[in-house]
Every structure is written in structure tokens, then in C-alpha cells.
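Sequence annotations record features per position, and here TrEMBL assigns Zn(2+) 2 binding site to CYS131, CYS142, CYS169, CYS173. What TrEMBL records for CYS131, CYS133, CYS136, CYS141 is Zn(2+) 1 binding site. Annotated Zn(2+) 3 binding site per TrEMBL: CYS136, CYS169, CYS175, CYS179, in sequence order. Summarising the annotation, TrEMBL assigns S-adenosyl-L-methionine binding site to ARG201, GLY202, TRP203, ASN270, HIS271, TYR312, LYS339. According to TrEMBL, the Zn(2+) 4 binding site annotation covers CYS273, CYS338, CYS340, CYS345. The domain 'Chromo' annotation in TrEMBL covers 1-45. Sequence annotations record features per position, and here TrEMBL assigns domain 'Pre-SET' to 129-187. The annotation domain 'SET' is assigned in TrEMBL to 190-313. Feature annotation from TrEMBL assigns domain 'Post-SET' to 334-350.
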Amino acid sequence: MEYYLVKWKGWPDSTNTWEPLQNLKCPLLLQQFSNDKHNYLSQVKKGKAITPKDNNKTLKPAVAEYIVKKAKQRIALQRWQDELNRRKNHKGMIFVENTVDLEGPPSDFYYINEYKPAPGISLVNEATCGCSCTDCFFDKCCPAEAGVLLAYNKKQQIKIPPGTPIYECNSKCQCGPDCPNRIVQKGTQYSLCIFRTSNGRGWGVKTLVKIKRMSFVMEYVGEVITSEEAERRGQLYDNKGITYLFDLDYESDEFTVDAARYGNVSHFVNHSCDPNLQVFNVFIDNLDTRLPRIALFSTRTINAGEELTFDYQMKGSGDISSDSIDHSPARKRVRTVCKCGAVTCRGYLN
């Protein structure tokens, strides 16, 4: 008869008991146990042949240890997933998945929905004026007042070229929440999954639903810092091989967004030299051209299950940052090798 060692919820390990299968009414846990055991043994098989004596009546300590660690990881990731969904303020759900290793939730990451200004930086999040349109598609709306075209078509897809700013209707506008010029401010509409990549790129993000081309996917948020502070942090991040700094250089180069500790799901989006997301500068309630919001739009149809990527060197202007080709002696920064695998890969992230 098979017996299973049971950890009872709410009770210490000292109260664990061995139970026969007929006493267990937890089919999902049993299935996970079986899957974890199979996955571990499959990994072992890749390194050596399994002999008949390996199939004995007790689990080897290494197998048991892996199953326990995997169970604890699963609980931790579920709690993190629940926390992310409590903190988010958008429609799309966030899921977390790790079928690759035993890595748990990041220990020093805090989910935010909008920019977090560093001490000494002021973000004015209230517009001074707004439109009084009856139909923002045809009247002289906020984009026209700013001297640019309305960014969206009637299918809520972006129709302006990269490098052109987006001016959405704001809190002072008389149009309602269903206005066709309110897209980015509504947040992510798609359910996304933070998942562990299998090729050494850490966490990544994939979509769980089909995304049409030229559609808004997510905003890039983080801590707003000065460019001087960004230079200091950049040296540290390069030495660690991480990249989370995004220069707000639409009109000037005073500020940078740092998503290393504070950010949303975009914190986990990986780089690609051939990405499926494009960067756009957005102005809504804060019309300070030094502080645009950063929105990521799909460049093509993205199918359910596909990983989302953007070019870390892509600026809001639509150009590639000069950092990627600056090899001057003054910039002795550690270069991070790119693992995107694209045919057009430049070789480095920075």
C-alpha cells in the first residue's frame, strides 16, 4: 500500500502524518506531487540512465527535497500572484508561472501603477485645461490643440508613426470615459503571465490572449529619478547585468524611469532586437514635456502564449539610443550580452 507524508494546513511539521491514498481527498495536490516527481526524474534521466534498482519502494532524499521545495515555491508564487492582482488597477489579470526552476518571487520588487517620483521631483498630475468636444474624433480635440494628430482609429489601434507623441483626453475634458481618445489611461486590458524563461533570461512576460496589431498593451512605470542619479545607478546595474533604466528624452534629458525596485508587469518584459512592442510618449494629465508617460503598443498581431518584448535601446522618439553604439573611453560601462536570439541581434543590451 502507498503512503504519503502529509503536511497539515495550519499545523507545524511535528504533526505531519503518513496517510494511505484512500485517506487523501486532494486530487490536485496528488497530481502536482506526481508531476513534480516525474519532472525531477526526467531531469535526472538526461544525466544518467535509470536502472531498475532506482525504482525502489521509497523516494530518494533528493526527490523528496525537490518535491517539498517545489510545493513551497508554488505556494509563494500563488501568494505573489494574488498580491499583484490586488495592487493592479487595470482590467487584465496577472498570472505567474515557473515550470523551469525553483526561483520564487523577487525579494525587492514593489508593484506600482503609476510613476513614483524620487524625493525632490514633483509630478503635476492635474491638467489645467481640457476639450469640450461632443465627438473627439471629429472636433478640435486635445491632440489638435497640441499640434499633433489624434493617435487612434475607431478600432482603438494606433495610427501615428513611432516618434509622434500621443495626447489623450484628460480629467478636465468634458468627454466621458468611453471617449475614443482614452486608451493608455485605462491600463492593460489583456491577461498576461509572468513566466520563468528556459534559456537563462530570467523572468519574462507572455500574453494569454490574442493581441491585435497596433494595440496598446501596457505602460512602462517606475521610479522617476534625475539623469545624474540614473548614471550612478546605471553603473551598478551594468555590473549586475540588469537593465531597467528608461530615459525620458522626448524633449529634454533631465529625467529617467527606473523600474528596478518599483514597477508594474513591464518590469519583467525582456529585451529583443526584433521586438513585438513599440515605445510611444504619452501626455494625459501631466503635460510637462520633460515627463511623458511611456506606452508599449504591439507592432504586429501577437498570438496567445507568445512572449512580449521591446527593444531596451528604443527611445520614445522611435530612434535607437546612442548608448548602444557608444564605445568612447569615457563610457567604461560593463556591457551586458544579449540573449534574445533574433536574427538581427546586436549582441549587447547596452
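Each residue, glycine too, has its Cβ placed from N, Cα and C.
Please treat TrEMBL annotations as automatic predictions, because they have not gone through curation.
In the structure as shown, the Cβ atom of TYR312 (S-adenosyl-L-methionine binding site) sits within 10 Å of 25 other Cβ atoms. When the binding-site residues CYS133, CYS136, TRP203, ASN270, LYS339 are screened for a C-alpha within 10 angstroms of the C-alpha of CYS142 (Zn(2+) 2 binding site), the residues that qualify, in sequence order, are CYS133, CYS136.
Confidence over the domain 'SET' (190-313), given as mean pLDDT on the 0 to 100 scale, stands at 94. What surrounds the Zn(2+) 1 site, by Cβ distance within 8 Å of the Cβ centroid and not counting CYS131, CYS133, CYS136, CYS141, is the set SER132, ASP135, ASP139, LYS140, CYS142, CYS169, CYS173, CYS175, CYS179, ASN181 from the same chain. Nearest Cα neighbour of CYS273 (Zn(2+) 4 binding site) among the listed binding-site residues (CYS136, CYS169, CYS175, CYS179, TRP203): TRP203. Here HIS271 (S-adenosyl-L-methionine binding site) is compared against the binding-site residues CYS133, CYS169, CYS179, CYS340, CYS345, and the shortest C-alpha distance is to CYS340.
In terms of Cα distance, the binding-site residues that sit within 10 Å of CYS338 (Zn(2+) 4 binding site) are ARG201, chosen from CYS131, CYS136, CYS169, ARG201. Closest to CYS133 (Zn(2+) 1 binding site) by Cα-Cα distance, out of the binding-site residues GLY202, TRP203, ASN270, is ASN270.
Other residues of the chain with a Cβ within 8 Å of the Cβ centroid of CYS273, CYS338, CYS340, CYS345, the Zn(2+) 4 site, are HIS271, SER272, ASP274, LYS339, GLY341, ALA342, THR344, ARG346, GLY347, LEU349.
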